[in-house]
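Here the structure comes first, spelled out in structure tokens, and everything after it is commentary.
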């Protein structure tokens with residue numbers, strides 16, 4: 001078999017695999033995250049939320065933002081990689097994926113640091129106004145990441161390619177990238193910096 005034939009098989013295989021995997025993730029994710037939000041809403045009045053609970057609720061909300069886009073991707077791959085929805089939904093799906101990824105990383109980082117503070121400085125942590133700090137830090141995280149993700153709304157997210165399985169053309173979503181774009185370079189630098197910053201925080205808190 002020729003090399004290009006192998007890549008074609010791999011490409012076709014994802015149209016079967018991804019809808020199945022995404023469907024499982026969607027069902028389990030909605031149930032699990034919905035249950036977490038229900039528990040917090042029922043058992044903990046909002047005024048009694050401490051810092052760690054605030055971070056956990058925000059982490060759950062970030063996951064839910066990603067989950068609501070999965071039906072779009074399921075339909076996309078079921079249609080052989082053809083985006084049948086309006087273009088702005090492709091931009092929105094990419095934006096929410098970015099937000100989920102980096103909000104999750106950020107909130108896992110601050111949760112780790114919160115536990116580090118609780119273990120190393122229990123008295124000072126207990127006396128601090130952690131609820132106010134948790135709300136403020138959560139707002140900073142959301143504003144920073146949503147601001148960076150807003151770039152996805154101005155991207156040319158879709159492109160038209162010939163349909164390899166038949167006649168006509170199909171529309172791809174985020175499957176082509178412009179080269180030499182300064183904004184793309186900036187966003188990639190932000191991604192790498194953010195990841196390693198949080199990674200170092202988590203590593204430090206677990207090793208010290």
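Just so it is clear, glycine is given a Cβ too, placed from its N, Cα and C backbone atoms.
These features come from Swiss-Prot:
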| type | residues | note |
| --- | --- | --- |
| DISULFID | 90-173 | disulfide bond |
| CARBOHYD | 169 | N-linked glycosylation site |
| TOPO_DOM | 1-16 | topological domain 'Extracellular' |
| TOPO_DOM | 39-54 | topological domain 'Cytoplasmic' |
| TOPO_DOM | 75-91 | topological domain 'Extracellular' |
| TOPO_DOM | 114-133 | topological domain 'Cytoplasmic' |
| TOPO_DOM | 156-184 | topological domain 'Extracellular' |
| TRANSMEM | 17-38 | transmembrane segment |
| TRANSMEM | 55-74 | transmembrane segment |
| TRANSMEM | 92-113 | transmembrane segment |
| TRANSMEM | 134-155 | transmembrane segment |
| TRANSMEM | 185-205 | transmembrane segment |
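Of the recorded residues, residue 169 (N-linked glycosylation site) and residue 90 (disulfide bond) place their C-alpha atoms 17 Å from one another. Classification of residue 90 (disulfide bond) by DSSP places it within a helix. Non-local neighbours of the topological domain 'Cytoplasmic' (39-54) in the same chain are 60, 111, 114-115, 130-131, 133-135, 138; each lies 6+ residues outside the stretch with a CB under 8 Å from one of its CB atoms. Nonlocal intrachain contacts for the topological domain 'Extracellular' (75-91), taken as residues 6+ away from its ends with a CB within less than 8 angstroms of a stretch CB, comprise 14-15, 18-19, 22, 152-153, 155, 157-158, 163, 165, 170-175. Cβ neighbours of residue 173 (disulfide bond) (same chain, under 8 Å, six or more residues apart in sequence): 76, 83, 90, 93, 94, 157, 158. Helix, strand and coil counts under DSSP for the topological domain 'Cytoplasmic' (39-54) come to 12 helix, 0 strand, 4 coil. When Cβ atoms from all protein chains are considered, those within 10 Å of residue 169 (N-linked glycosylation site) total 11, not counting its own.
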